[in-house]
Amino acid sequence: MPQLEEWEIKKYWEIFQGLKPQDNKLSGSKVSPVLKNSQLPQDKLSKIWELSDIDSDGNLDFEEFCIAMRLIFDIVNGSQSDVPAELPGWLIPASKAYLIQANRAVATGNNQYDGGRSSNDDEEDEELLSDDFDWYISPTDKATYESIYNSNSDSYGRVRFQSLEGLYQTLTKVPKESISSAWNLVNPKSFETIDKDQTLVFLHILNQRENGKRVPHGVPASLRATFSKETPSYDLSESVPQVSSPTSANNKKAFGESYLQKVGRSTTNERGTDFSATEGTDWEEVRLRRELANLEDLLNKTSKESSTTQTNELGVTKHEYEQLLKYKEEQLKVKPDKNLTDVKNDIELIEGQVRELEQYYARKQAELQQLDQEIAQLS
């Protein structure tokens, strides 16, 4: 079945806007006339609503509305004979893939990633583990890890421990203690999130543990510095790389394959529809405003921290120069006849340095004001 085309998304947007959404969402009462105009039975309409309302808030945002409209048109046009039991991967918005994953986990009762393993089972497994841990990540494994990373990273490229819980549930040979140990290994600073490099190594450790290798007690020196960064990196200009789909080796199940199938990123599934491809529409404006708000928050935080640090440093330096100038002036009063020329030269030099410092401070204040004005214009 084809993905949603850009022209189709724009058509749905016109209908969506015509229903006058509030806070970019449509209530059931506003969507009901459109659904009933399809002349589909009530039970099918109820099922379509259930599939479309992914976050179960009783309203449909634009992405959810697109899902409902496509399901209706497919049945009315004969492309589908009935409402599917679950949303196909190509129709799941990337922004809501994690909700689909969570809903399926709850529906199947798999909401514990330790798989009901006992401590005795874990101890027996530990005795059978080998110590020949291999830090090398093959291209195939890296592609799989990147697919998992792309499915769970936030807008800053960071990944939370809880966001991978669906993956943990598929690891039948990895106890929760080993998962926690692997996380702590790549996250020595105990941040709430980890970056891409840390995530890939974390997944590699889980993969090795799933295949009978003991979780190591440390990481190579080449990785230690990377994992010990003092602050997370929020590089918004870095794009998510496009990776090729991994292939399974031999006949055994590839690491993360069942998990990727759940979130619609498996090699057997089509890629989900990109609802962001709506240039020139109000929906694009809404989406860009959200991104702008996030950028403004980050910029304001950075500006405040930078301004406070610069002001403090300049204030201390200025005070030191003023004290030095005062000391030299007192020396001049006490010993007016000794080295008078040298003292005057020192005073003039210090006064010049103070003036330069004040000018530098004024320039930085002007730059800060200009930055505040640019932020105000973007709002």
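Glycine too: its Cβ is placed from the backbone N, Cα and C atoms.
As annotated by Swiss-Prot, Ca(2+) binding site applies to ASP53, ASP55, ASP57, ASN59, GLU64, with the evidence given as sequence analysis. The number of other Cβ atoms within 10 Å of the Cβ belonging to GLU64 (Ca(2+) binding site), over all protein chains shown, comes to 22. According to DSSP, GLU64 (Ca(2+) binding site) sits within a helical segment.
Among the features that Swiss-Prot reports, coiled coil is placed at 281-379.
Sequence annotations record features per position, and here Swiss-Prot assigns compositional bias 'Polar residues' to 235-251 (among others).
The compositional bias 'Polar residues' feature in Swiss-Prot is assigned to 264-276 (among others).
The domain 'EH 1' feature in Swiss-Prot is assigned to 8-98.
Annotation comment: Swiss-Prot describes 40-75 as domain 'EF-hand'. A mean pLDDT of 89 is what the model gives for the domain 'EF-hand' (40-75).
The domain 'EH 2' feature in Swiss-Prot is assigned to 141-230.
Residues or ranges marked as region 'Disordered' in Swiss-Prot: 235-276.
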Three-state secondary structure, ASP53 (Ca(2+) binding site) (per DSSP): coil
Cβ contacts of ASP55 (Ca(2+) binding site) (under 8 Å, same chain, 6 or more positions away): GLU64, LYS96, LEU99
For ASP57 (Ca(2+) binding site), the number of other Cβ atoms found within 10 Å of its own Cβ: 10
Other CB atoms within 10 A, centred on ASP53 (Ca(2+) binding site): 18
For ASN59 (Ca(2+) binding site): intrachain residues, at least 6 apart, with Cβ closer than 8 Å: LYS25, LEU26, SER27, GLY28, ASP53
Tally of residues which DSSP labels helix, strand or coil - the domain 'EF-hand' (40-75): 25 helix, 3 strand, 8 coil
